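Worksheet: one structure, shown below.
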């Protein structure tokens, strides 16, 4: 009994039918329920009045004596029929039955003459439209084709296939179409089988592939695929999505046609026919889509319910089908109109009726319909109303207390107040739907309620019900009142120092501040009483730079939000720019010109050191070319002269005679090792007449920039005339800009050049 109201429900509903011209038609309708029950019929939504051509039988069925597709007045018996049943509980409407006239058109495709060589494939086709779908049979030479011959395949859509042709297959073919409306014959076509079977190789080729089909569940689908080639190709089927076709209800007709019986929605998909050359991967393919529709059917029926006055009634109706069905609700046979207290949700699957009253008592129907069919289910709503319930509360008033609070007061009902156990206050934003309503319970001795946590500047509706153990009273009158406006909240203010004269004020996005129109910004020196401002800023602004400030004083910055109700509380911050100024003094900017000169001095010192090392290497190579051991010793002596730091003049007498930076005591120590340098060797090394270049050549050693450097010249003198000559340092040439051409490098200790 799912989907039925026990008070009134259909047992048999009219079904779709195809009527024959000038023949009688009966549409069945059977109802059960509490008598008396009245049954009426409609066609295309218009009430049918009994007449000599169409009238209702005693059992509620509709009888059409002579069905006519087109009558003399231009009307037609074709259309959508439904029956309605009514008793004092309500009214229900049956599903719509589609009635069509049986017809048959002329053939729009006739078979064509064909000449095919022996062993080949012949295909004839004829097509005709009709209701119901005509049955097509084939005749050869005016005799029905022998369907027991496995080489002959008849497909439902009027196709005849003949494979492995032989000479005896030649003849004249035509088709015969039959339905309840008529019988028709196609034109004739001649088949000629020529020659003998050829052994010439032919690539596989698909003559006719599957066509796109749209069918309904439980019907049969035939996907045609006929292929030729030599050798004879192998025909196979697959689904484009890779899913298996399965075996249940699957059959191959002839040499490659696929037939699927008892279709389901899962059979929908794209099917691929492949013709393969035996033993190779040579293949040809063709594809067609199959769409299987399913009429609407209910997964969950609505259930009859009983609810007290003032409560909520909910009906649920869930249907499935392919394509997905559309759901429509009826109330006592009329399309249900939604309102503030009647809502449809979840794609019309859920019907909710809020604050029900006696007028809502009815039979509600759910109609589910798609292109494959329709169905209906009904349920009844019973509104409970007990005698002796209180009358509605009186004198409901609502007064605004603040931006978030309203006080509601009322007076007790006028009748039946002894059994009252409490009151329920129903609260809702005036702009919200009924389902957004919420309630607050109040004791029976209380006649006012403070409603808090409301939104500022918002209208609210209120009504009261009195409750007893047997049910609730009717609702009181509804009162609507608005909360007061509210100034914005305090913004969160942050101050950032940009430089010695500028700070940046930033604050939170305006969405956190409630309803506001903008911001006001003030600032002042703390020792002054007068503010600068206000600076008016839009509600979407979240930062502002304050410039031209005095770095020597502390500033106070104040920010507030405002709206039509006034200014909100302000946020105050203090900021000092003195630290920024002090950091600037302690960290002055770099002197780039001075750093550049220092870099030049360091570079010059490196160049001088490289020159000294290269000079030493050249001397060593010259001495090695002579091959004398003494020359090698002298080279070492020169190296020591270059690497030994010069000592002050006051210390030279104490340490002995210095020759090119080496003391006599050092030479004596080397003499003790058997490496004495004789005079002849010295005379040879230092000729008596040195060249001008040798006299002017000197070795420059690195000194500290604050100490003048010495130049020591090497010359050859007799031993008795040998003496130390101290020369004053030549002044270094100056650059046009006043700096030295080559600044000496700092003296950090002995230099080890070369």
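Cβ coordinates are placed from backbone N, Cα and C, and glycine is handled just like the others.
What TrEMBL records for this protein:
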type	residues	note
COMPBIAS	644-654	compositional bias 'Polar residues'
COMPBIAS	663-673	compositional bias 'Basic and acidic residues'
COMPBIAS	689-704	compositional bias 'Polar residues'
DOMAIN	8-100	domain 'Ig-like'
DOMAIN	105-192	domain 'Ig-like'
DOMAIN	204-287	domain 'Ig-like'
DOMAIN	295-382	domain 'Ig-like'
DOMAIN	392-486	domain 'Fibronectin type-III'
DOMAIN	487-583	domain 'Fibronectin type-III'
REGION	644-754	region 'Disordered'
TRANSMEM	606-628	transmembrane segment
### Summary
In DSSP terms, the domain 'Ig-like' (204-287) comprises 3 helix, 44 strand, 37 coil
### Task
Tell me the residue counts in helix, strand and coil for the domain 'Ig-like' (105-192), as DSSP assigns them.
3 helix, 43 strand, 42 coil
### Query
Among 204-287, 295-382, 392-486, which stretch has the highest count of C-beta pairs below 8 Å with the domain 'Ig-like' (105-192)?
204-287
### Summary
Averaged over the domain 'Ig-like' (295-382), the pLDDT of the predicted model comes to 92
### Task
Output the single range from 8-100, 392-486, 487-583 maximising the number of Cβ pairs under 8 Å to the domain 'Ig-like' (295-382).
8-100
## Note on the structure
Residues in the domain 'Fibronectin type-III' (487-583) per DSSP class, helix first, strand next, coil last, are 10 helix, 50 strand, 37 coil
#### Entry: Tally of DSSP helical, extended and coil residues in the domain 'Ig-like' (8-100)
0 helix, 46 strand, 47 coil
### Summary
Residue counts for the domain 'Ig-like' (295-382) under DSSP, helix then strand then coil, are 3 helix, 54 strand, 31 coil
